[in-house]
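Student: Structure incoming, see below.
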Ligand SMILES: Nc1ncnc2c1ncn2[C@@H]1O[C@H](COP(=O)(O)OP(=O)(O)OP(=O)(O)O)[C@@H](O)[C@H]1O
C-alpha cells in the first residue's frame, strides 16, 4: 500500500500556524468574500449587542481552510469577549467538557473545532448547557452517585465542522445560526493574496497573483501557503515574484495548472485506472489508494466536484470527461453520469 498523503488543506506545521496567525483578518470588514455569511453574522452580532445579551450559538460548516477559526476569532473580537479554544478530539469525556464550561467567564465565546468528533457523553452535556446554561455533574460512584446541577454564566458556542451531516440533530438544533462556508472565487482569493503580500512586504506581479489564485482550490489557507512557496522561490533565486516564478515554484511542489495536488490526481487516476472511471463507492476508492475515506470525503471530493472533474451519482463516484482530458487520457465513449 502506498504511503498515506497529508491532509492538504490542514495546517502543515507550527511555522504555518504562526504564518496564518499573522495573516488572519481581525474583524468582519477585513474578512474577504463569504458575503452572505458575513452579512448574516453581522446582523446576528449587532442584534445581540443592542439587546445586551450573548449572541446565539453559531455553527460554521465547510471544508478546511475556508476561515472557520478566523471567523470564531472575529466573533470574539467584534463582541469584545474573551475566546476559549477547544476541539472535539479534546472532549472525549463529559468531564473534559464540564471543566471547560464551569470555568467560562460570562459572555465568553467557546470555540469548538471539529465539533463532530466530540464524545457522545460530552455532546449530550453540551446541548443541555447550550439551551439552559446548566449542567448536571455526577458526584460519587455506583449506587451512591448523585447528580448536582451547576448553573453556568451565559456564553456563546461557535462550533466548526467539516462534516455538518455527522452532528446529531439535537446538537445541530441548538445552534441559532448555521453558516455554510463556500469555496472562494478566484477574484476573492486575489484579494486574500494581495492583502497577504502587502503584510509580508512582498512585491507580486498581477499575473503572479492571478496564477496563484487560480491554483488555490478556492481555499485561502492554500492561497497563503502557495504564496509562501513563491516567496521562498523568489528569495532563493533572487528573482521577482512573477508569473514565471509562480509556475516554477508550484511545479516543484506538484501543484498543477488547476491547483490539483498529488492526492487529487491520485484519486482521479485511481478511479480511472482501477475502476474504469466508476461508479465506485468512496470507501472502496479510498482504500485502493491507501488514504482515509474521511480525507477524501471532506477535502478532496468537494474540490474535485466543484472543478467538474468528479461527479457523485446514486451508484458512486464517476470521473467526468474533463477529468480524462485534464489527465491527458483518452475519453471513453460512455461515461455513466446518470
Ligand atoms: N476570508 C478570508 N480572508 C482572508 N484570509 C482568510 C480568510 N479565510 C481564511 N483566511 C486565511 O486562511 C487561513 C486559514 O483559515 P482558518 O484557519 O480560519 O481556516 P479553517 O476553516 O478554520 O480551517 P480548519 O477547518 O482546518 O481549522 C488563515 O491564515 C486565514 O488568515
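Here the Cβ of each residue, glycine as well, is placed from N, Cα and C on the backbone.
Remember, predicted model here, so these are calculated numbers, not experimental data.
Straight from TrEMBL, here's the annotation block:
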type	residues	note
BINDING	23, 24, 65, 68, 69, 70, 131, 132, 133, 174, 184, 221	ATP binding site
BINDING	69	Mg(2+) binding site
BINDING	312, 317	DNA binding site
DOMAIN	54-185	domain 'AAA+ ATPase'
REGION	257-338	region 'Head domain (RuvB-H)'
Student: Once near-sequence residues are set aside, which residues in the chain of residue 317 (DNA binding site), 6 or more away, have Cβ atoms under 8 Å from its Cβ?
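Tutor: Within the chain, residue 317 (DNA binding site) has Cβ neighbours under 8 Å at 271, 278, 279, 280, 281, 282, 285, 301, 310, 311.
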Student: Using C-alpha atoms only, work out the spacing between residue 131 (ATP binding site) and residue 312 (DNA binding site) and round it to an integer in Å.
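Tutor: Their Cα atoms are separated by 37 Å.
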Student: C-alpha of residue 65 (ATP binding site) to C-alpha of residue 312 (DNA binding site): distance in Å?
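Tutor: Approximately 23 Å lies between the Cα of residue 65 (ATP binding site) and that of residue 312 (DNA binding site).
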Student: Identify which of the following binding-site residues, namely 131, 133, 184, 312, 317, place a Cβ less than 6 Å away from any atom of ligand 1, and list them by sequence position.
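Tutor: Checking each Cβ against ligand 1, none of them comes under 6 Å.
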Student: Quick one: Cα separation, residue 184 (ATP binding site) versus residue 312 (DNA binding site), in Å?
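Tutor: Residue 184 (ATP binding site) and residue 312 (DNA binding site) have their Cα atoms 21 Å apart.
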Student: Which Cβ among the binding-site residues (133, 184) has the fewest C-beta neighbours inside 10 Å?
Tutor: 133
Student: Just to confirm: which same-chain residues, 6+ apart in sequence, have a Cβ under 8 Å from the Cβ of residue 69 (ATP binding site)?
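Tutor: Counting only residues 6 or more apart in sequence, the Cβ neighbours of residue 69 (ATP binding site) under 8 Å are 111, 113, 160.
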Student: Under the DSSP assignment, what numbers of helix, strand and coil residues are found in the domain 'AAA+ ATPase' (54-185)?
Tutor: 51 helix, 36 strand, 45 coil
Student: Would you give the longest CA-CA distance, in whole angstrom, between residues of 23, 24, 65, 68, 69, 70, 131, 132, 133, 174, 184, 221, the set recorded as binding ATP?
Tutor: 37
